[in-house]
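Taken verbatim from TrEMBL:
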{"type": "DOMAIN", "residues": "20-103", "note": "domain 'PhoU'"}
{"type": "DOMAIN", "residues": "119-210", "note": "domain 'PhoU'"}
């Protein structure tokens with residue numbers, strides 16, 4: 001393959017990965033809005049969109065494999081292609097988590113904990129995803145490192161929110177009957193599952209950022 005065509009294939013892969021990431025980020029945003037507004041229809045749309053995310057992931061996986069097998073890239077090009085391969089896997093898993101979050105909308109309402117703002121927690125995770133994609137697109141190690149540094153912020157917010165819910169549960173259980181208590185415990189469980197999945201979104205964003213850092217610098221400092 002002529003050099004110009006090879007470079008165009010690399011540019012196309014980068015653009016396709018970014019577009020895929022934007023699509024996954026939009027799915028995540030829809031899932032978070034469905035939770036906040038209790039929009040079952042929007043939640044269903046997210047769930048039904050997961051198959052298309054998975055199909056596109058497999059197409060991009062094939063593109064990465066073809067580039068490696070047919071072009072045998074070396075040095076920075078090889079780091080770019082292998083990082084892209086890893087990053088689309090992280091993005092596909094974020095898509096799965098968006099589906100999980102949407103499924104919770106169909107499971108329970110949140111009448112007992114209206115003050116718990118899961119949207120703010122989720123949007124912090126989504127910001128990390130978007131910033132990690134920007135770092136990949138720009139090959140910017142400083143942006144990538146900044147995403148990794150935000151992980152503690154997200155973990156702390158998830159932990160504080162979970163503690164608030166559990167403390168409220170302890171304070172209110174004595175005033176509830178058996179049926180109300182069962183409903184309350186179900187609600188608490190799903191809030192905690194939601195926080196767990198949001199935190200995992202952040203973990204995947206960190207992995208994307210770490211791969212982007214390695215791609216740009218050839219340093220494994222942030223990989224773990």
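The backbone N, Cα and C atoms fix where each Cβ goes, and this holds for glycine too.
Just so you know, TrEMBL annotations are computer predictions that nobody has curated.
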Worksheet item: Reported in the order helix, strand, coil, what are the DSSP residue counts of the domain 'PhoU' (20-103)?
Response: 78 helix, 0 strand, 6 coil
Discussion item. For the domain 'PhoU' (119-210), how many residues does DSSP put in helix, in strand and in coil?
Written reply: 87 helix, 0 strand, 5 coil
